[in-house]
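What follows is a short report on a single structure.
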Ligand SMILES: Nc1ncnc2c1ncn2[C@@H]1O[C@H](COP(=O)(O)OP(=O)(O)OP(=O)(O)O)[C@@H](O)[C@H]1O
């Protein structure tokens, strides 16, 4: 492009040119797709006609078949590629670009206008790049600089020059609706426009308004582990999604979307973010949760408690102890079992297993033992004793397989003799042999699977051995059990260890593996069996990373040894006191053997200025969160005389939100029981009202009742905090939970209170008096 469009008419002409080119390309690709489709159909129909089948020349026949198959595959590849490109053009033709920078390279006086969009558009006839993909190196100028001296890095070089213009466009349905010339930040006007919008059902991409600090996250390539601490609503999740799209573009020849894994808090959140990559023209990555990995890996008949059940349990025991001056043993146990100190206890226990303590499961049929538990232990602690634990397991497996084979040979003969000795005629000799083999193979097959999967250890029983002797093991490990933040006290420690051990045994006996025990149990199993690894995974993204314990980090790190990590968290929102990495510094320590980068996002985009200012008073000592200057309704607090009046008021709130056409409203209760109650009471009047539970899989717009901890990571146009009283949010440990709840609101925040408002609101209430 020579000569730059400088006024609105020129811009209109440029857009028309781009649209015409895209239209032409779509038409050409359509023709290619259709042609190839008919050719493929023809080739498939006449595949054998084209092959020369020559009985005497088998090699020639083989070559001929291979050639035909190769031609077919090549046609199919071309067709798939053309179809993909065509769909991309169709998708982006409504708004082919959103930004432009004019760049003059130091070594060349010509002005290069760089239009930036979601995909590149090139005029192949002239070789001109009419639109650059937002992920190209030159496009980074748009996100990083104001007009003036600039530079960007290409794979080969650093290019320097000057930016003479920075412009943004609002294009909808192929029509140019607005043009803004912008300065340092990507137009505040544009961002205001974006942020004023209603919360949609799914998270949206932010490509056209990525901020400079977010761009450093998206394009960072220097670190193996990138840790992002970002205030609530600072765009951590959004930036992470764009980062994945960026990496898929940059490494398009070597990285596929399935090689990227997103660990998110739950299925609902996974659904919430599932649209972004397809919107950006990429396939979705693998999305999972830590719980689903644990459930896949721990083969057990017991129910594995998840973090939400644990939270409910801890909230209810804490509520029972309000005002009492005794330690909450449930909370002490949950915190301690997620700590590095408990890991030392497990390591000590594991060390002892080298000498004794392994519990094995016999091999055999229900009636007959083939290899007893004692024989297995004799091998493990006898001939294999010099090897490491995983090597011993491997050797034991081989030994078992050999023993089983020998048994099977003996058993087939025995069964055959038994059948042959029967007075009734059962079949020919061959038939009798085959019957005997079949009978034995049935058991052999089962036992071989058991051996190959190393399912011959009673792991849960061993874990309970550890629990029964917990005070001793703790002492041997040289650590103490203590309340979080309390001073070391060996007497109290022994009592705690004893109590914790007993309670754990009781829970296991009741058929439940508590959440705090699931990761340690898996750690025990994997340390002895050898660790599971997913070597093909290239990148792991952990969202809500403050909610993972050191144990979980250690497991994930080992699971993905060849992967880079993007770790996003907000330590202000660490609502699982019992299960968390204490700080960004501890994450850095965890990955001390890798190149770690830390980025802090302090600006918050989600909520209005008033909501963010309120949130800041809830957490005065938290990490900085600078609100984006967006006006809205002031947060409200309503004092109500009783539960009946609260429900009545809620009913009118819901009606108002509906009349105001808000797309999404959340009534946030502290716990699940309250959510169930509110939903049951209001459902008749508001049949559209839905309740979120940990089993909810789909995020759709509308009116919801949500327990506090499940609202994490999500956002709503309006949030009504159902039970904002001291009685509910009265404990210091609820402060971050309350902060998290308040920061879910984009435009409106309402507190309902029966009794005394929570003291977390005191600062705000005195400020607005
Ligand atoms: N650069 C941006 N342009 C437009 N919108 C943005 C930008 N950055 C963030 N947002 C919007 O701000 C909101 C919050 O973003 P996001 O959910 O990614 O933040 P977060 O840091 O993960 O939040 P939290 O930790 O509170 O869950 C979203 O609505 C997102 O679209």
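Glycine is no exception: its Cβ is also placed from the backbone N, Cα and C atoms.
No curator has checked TrEMBL annotations; they are predicted automatically.
What TrEMBL records for this protein:
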COILED    19-46  coiled coil
DOMAIN    209-608  domain 'UvrD-like helicase ATP-binding'
BINDING   230, 231, 232, 233, 234, 235, 236, 237  ATP binding site
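On its own chain, residue 230 (ATP binding site) has 236, 568, 569, 570, 600, 601, 602 as residues at least 6 apart in sequence with a Cβ closer than 8 Å to its own Cβ. Counting Cβ atoms from all protein chains shown, residue 233 (ATP binding site) has 27 others lying within 10 Å of its own Cβ.
Sequence-distant neighbours of residue 235 (ATP binding site) (same chain, 6+ apart, CB under 8 A from its CB) are 206, 211, 214, 601, 605. The Cβ of residue 234 (ATP binding site) lies under 8 Å from the Cβ of 570, 601, 602, 603, 604, 605, 625, each of these being in the same chain and 6 or more residues away along the sequence.
Counting every protein chain shown, the Cβ of residue 231 (ATP binding site) has 27 other Cβ atoms within 10 Å. The domain 'UvrD-like helicase ATP-binding' (209-608) scores a mean pLDDT of 90 in the predicted structure. Of all Cβ atoms in the shown protein chains, 25 besides its own fall within 10 Å of the Cβ of residue 237 (ATP binding site).
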